[in-house]
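The block underneath contains the structure these notes are about, expressed in structure tokens.
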Amino acid sequence: MAGFEPGSLPDLLPLYYRRLFPYGPYGRWLSYGGVVKNYFQRREFSFTLRDDVYVRYQSFNSPQELEKEMQKMNPYKIDVGAVYSHRPSQRNTVHMGAFHAQEKELVFDIDMTDYNDVRRCCSSAEICSKCWILMTIAIRVIDRALMEDFGVRHRLWVYSGRRGVHCWVCDDSVRKWSSAMRAATVEYLTLVKGGSETVKKVNLTDPIHPFISNSLSLVEPYFEEYALVGQDILGSSESWEKVVALVPESVRESLLREFPKKHDSIQRWELLKKKMEKCKPCHAEWEIMLQYCFPRLDINVSRGVSHLLKSPFSVHPKTGRVSVPIDLRKLDQFDPFAVPTISCLCSELDMAHEEEDGEKENEAEPEPRRRTRDYKKTSLAPYVRVFEQFVEEMDKSRKGELLKRSDLQGDF
Amino acid sequence: MEFSREKRLKARLAGDRRGDLYPHSLQFYLQPPTENISLAEFENFAIDRLKLLKAVENLGVSYVKGSDEYKSRLEREIRKLKFPFKALVEDDYDARRKDHISHFILRLAYCQSEDLRRWFIQQEMDLFRYRFNELTGDLVEKFLKYVNLSYGAISKEVKEKLAVQLLNSTPGLNGAKVEELEFYKVPLQEAMDLFRVRRVYLLNAFTYVPQTDIVAIVLNNYRTKLSKALALTARSLPAVQSDERLLPLLNHLSHSYVGPDYSIQKSIGKISLEHIDALSVKSFPLCMRQLHRALRDNHHLRHGGRMQYGLFLKGIGLTLEQALQFWKSEFIKGKVDADKFDKGYAYSIRHNYGKEGKRTDYTPFSCMKIILSNPPSQGDYHGCPFRHSDPELLKQKLQSYKIPPTGITQILELVKGMHYQLACQKYFQLTHDVDDIGFSLNHPNQYFAESQKLLSGGREVKKEPSEPESSQQKLSSQKSTSSCSIPISSNTEADTELEGLDAYFTED
């Protein structure tokens with residue numbers, strides 16, 4: 001695989017946008033079946049161009065127009081914003097105050113740097129396979145809550161390209177949520193509270209809400225591997241002191257005394273659990289698990305209806321990795337380091353092209369078809385497949401809704 | 001005979017209609033009023049409601065919402081301002097009408113920005129919550145039906161199946177209560193305030209709300225409706241603003257200070273220049289204390305500071321002659337020579353007193369004005385320290401003024417919540433060692449007047465020239481002694497001259 005150099009972006013991006021970006025399903029996604037008038041046309045996009053030039057309020061008359069513009073501008077980064085009351089590019093023709101954001105997907109941004117206080121394997125800017133488990137846990141917990149508690153159906157989880165994951169919740173009703181609803185949702189999903197000043201960030205009181213108990217049963221299976229083995233949180237006195245600070249005072253002294261007698265984190269955790277049995281009303285054991293593993297959301301990303309978020313299939317300018325959808329059926333096997341970079345994809349394209357040289361190329365073949373074949377020859381293929389399935393699911397349920405409605409109305 | 005019978009019939013009909021219009025003492029304000037009213041009534045209704053909402057805000061921060069203290073004080077305010085309170089429909093028509101109309105007027109003023117909307121919604125919700133909780137007996141059910149908020153209760157079977165989850169998600173319940181209470185299936189969006197703090201069971205986009213928590217649902221519903229309405233109002237505002245009778249009032253309302261403007265100096269405020277240093281420590285609000293200190297230290301203040309402080313001094317009773325003397329003596333110690341002072345600065349001081357130019361007699365700035373307009377930049381000392389100072393610096397300053405640490409924490413909490421005037425009230429309480437400030441702070445001169453009243457035990461403040469010994473004592477007892485000794489001017493002649501002044505304008 002070719003290593004990625006940020007300096008090569010100007011050469012690679014044109015190829016990526018001509019031959020690899022999945023415009024078909026992308027346009028279908030954002031059109032949402034064309035049910036609402038001018039929905040796609042009123043969507044804001046923003047582009048980050050060379051030399052950090054940033055342009056907002058871009059809007060397009062069709063997915064094809066978006067495609068042409070992307071191929072012309074070759075943006076380093078693409079963000080997706082809200083659907084506004086009027087076409088964003090024409091906002092200056094609208095009365096003051098009348099131009100406003102109307103709808104947008106509910107989005108979540110989970111970034112590894114928010115866990116810096118509980119991971120020792122990496123410095124702030126990096127990730128590794130040991131701490132990636134935190135993302136897996138986050139996806140499991142949030143996804144279950146979205147589906148079971150919030151009754152949401154259409155969620156797209158995407159690797160951000162560097163240190164985290166995004167979630168796009170696309171149900172019709174959810175896209176209409178106010179910022180108060182979005183903030184309320186994040187609040188419901190938040191258990192870890194407090195900044196660098198706060199030592200104990202999770203405090204549980206009885207009764208334990210079903211959201212917490214459901215989440216705990218998802219966190220528990222990962223705790224040993226992540227915290228006890230990978231992060232070795234009870235491996236040395238320096239690290240176990242931090243953990244002991246989270247248990248009730250009455251138990252601390254005896255733990256500090258007896259920990260050195262044990263051999264590893266796993267044994268020490270057992271000891272801690274035993275001690276906690278004796279002071280029954282408190283839940284320190286759970287609180288520790290949650291403080292080290294529970295998802296940490298950025299409320300500012302989710303709350304604003306007009307907030308812009310990196311588009312799926314956008315390239316990360318620093319790592320070169322593509323923001324690819326994550327297949328939830330294979331969540332535990334997802335490896336962020338195996339996600340293709342733009343340079344690797346382009347060289348895969350070159351190699352495939354060389355193989356074709358031998359065959360006769362049909363010059364009359366239309367571009368879109370060639371492109372469909374193109375990404376299939378690269379490592380991007382499985383990720384586009386996940387995306388296509390996501391869009392198909394939405395199409396299906398939309399058709400189902402329309403059928404139901406027409407049944408009720410008696411139209412045929 | 002016939003004639004009088006007709007009259008009686010008419011009277012009864014009118015009464016019925018009025019009863020229909022406002023069948024309950026509270027409402028969701030869904031329909032705007034459609035009658036004609038006079039501009040005077042328009043303005044008075046709006047101002048009264050604004051006073052009520054400010055009282056709601058104040059009480060909400062000073063007392064636990066829903067506590068007995070909170071409720072009794074709020075009741076007092078509502079009665080005083082003649083808003084609807086626990087009355088029979090026939091007797092309450094005027095109050096309910098006022099309630100209806102004033103709400104809609106304030107919408108016009110408070111829809112214009114995110115901050116204003118947020119404030120308005122918060123106070124209206126608190127007011128609504130109070131009134132809803134005061135509804136007795138079957139009035140609750142009747143009201144819920146009236147606003148179409150009857151949700152479906154879940155069946156016994158469903159309740160049994162969900163019993164454990166219901167028990168674990170709803171605080172304050174036990175097994176028996178779960179059995180006996182009704183649980184309503186409320187859509188997610190209508191129970192926002194309950195699910196976001198995880199006080200209900202949430203399953204498949206429905207919350208399961210016990211009948212005891214229905215008030216939160218109602219509030220949520222009210223908030224959603226009001227929020228939407230305000231957004232709509234903002235969009236139609238240009239049409240309203242084109243009515244030139246209304247525009248000044250509406251602008252005034254959202255920034256307004258609705259109290260005495262301290263343009264006329266009362267005898268309680270007469271001060272002598274010798275006392276100013278002591279007074280700045282004892283009776284000045286923090287903003288003026290800060291300005292006074294900066295003036296003493298730097299022998300100069302920039303324009304914003306001169307305006308804010310100069311007008312304040314005028315409001316506490318400093319005469320024009322005293323003012324000229326005060327500022328000149330300070331500025332001369334700095335880089336300004338006497339000549340330059342007379343030519344430049346003296347002119348603007350006289351201007352402030354209405355002696356130059358268009359002869360507008362400017363009124364001292366209210367808290368609202370200081371907080372909202374003309375923020376200080378580098379080298380400025382004006383503004384409101386609770387609003388404009390870095391919290392860390394504010395903390396240090398309060399520490400240097402020997403404010404107890406718990407008091408400082410309370411003040412900083414209020415600042416964090418953007419309750420700047422309440423923070424200043426707290427400062428008053430701490431510096432005067434009282435538990436209850438006894439008034440709602442809106443104006444720096446009000447702070448001064450109340451402080452003087454408190455310190456003099458309600459008596460009139462001693463006038464300076466007759467007691468030189470006590471003023472000497474005051475001077476020596478304060479820590480920050482500047483070496484100047486301003487000659488005591490006999491200003492009785494100047495006083496009488498000013499007393500005759502009438503035309504006072506409010507500068508906006």
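Our numbering is plain: 1 for the first residue shown, then up by one each step along the chain.
Even glycines carry a Cβ here, placed using N, Cα and C.
All annotation found in TrEMBL is predicted automatically rather than curated by experts.
From a predicted model like this one, the values you see are computed outputs, not experimental measurements.
The [4Fe-4S] cluster binding site annotation in TrEMBL covers B:C287, B:C367, B:C384, B:C424. DSSP gives B:C384 ([4Fe-4S] cluster binding site) a coil state; it is part of no helix or strand. Residue density at B:C384 ([4Fe-4S] cluster binding site): 26 other Cβ atoms are found within 10 A of its Cβ, drawing on all protein chains shown.
Per TrEMBL, compositional bias 'Low complexity' is recorded for B:468-490.
Annotated compositional bias 'Acidic residues' per TrEMBL: B:494-508, in sequence order.
Look at TrEMBL and you will find B:278-448 tagged as domain 'DNA primase large subunit C-terminal'.
The region 'Disordered' annotation in TrEMBL covers B:455-508.
Those residues of the chain, other than B:C287, B:C367, B:C384, B:C424, with a C-beta within 8 angstroms of the mean position of the [4Fe-4S] cluster site C-beta atoms are B:P285, B:L286, B:I370, B:I371, B:P385, B:F386, B:R387, B:Y420, B:Q421, B:L441, B:P444. In the predicted model, the domain 'DNA primase large subunit C-terminal' (B:278-448) has a mean pLDDT of 88. Counting every protein chain shown, the number of other Cβ atoms lying within 10 Å of the Cβ of B:C424 ([4Fe-4S] cluster binding site) is 26. Looking only at the binding-site residues B:C287, B:C367, the densest Cβ neighbourhood within 10 Å occurs at B:C287.
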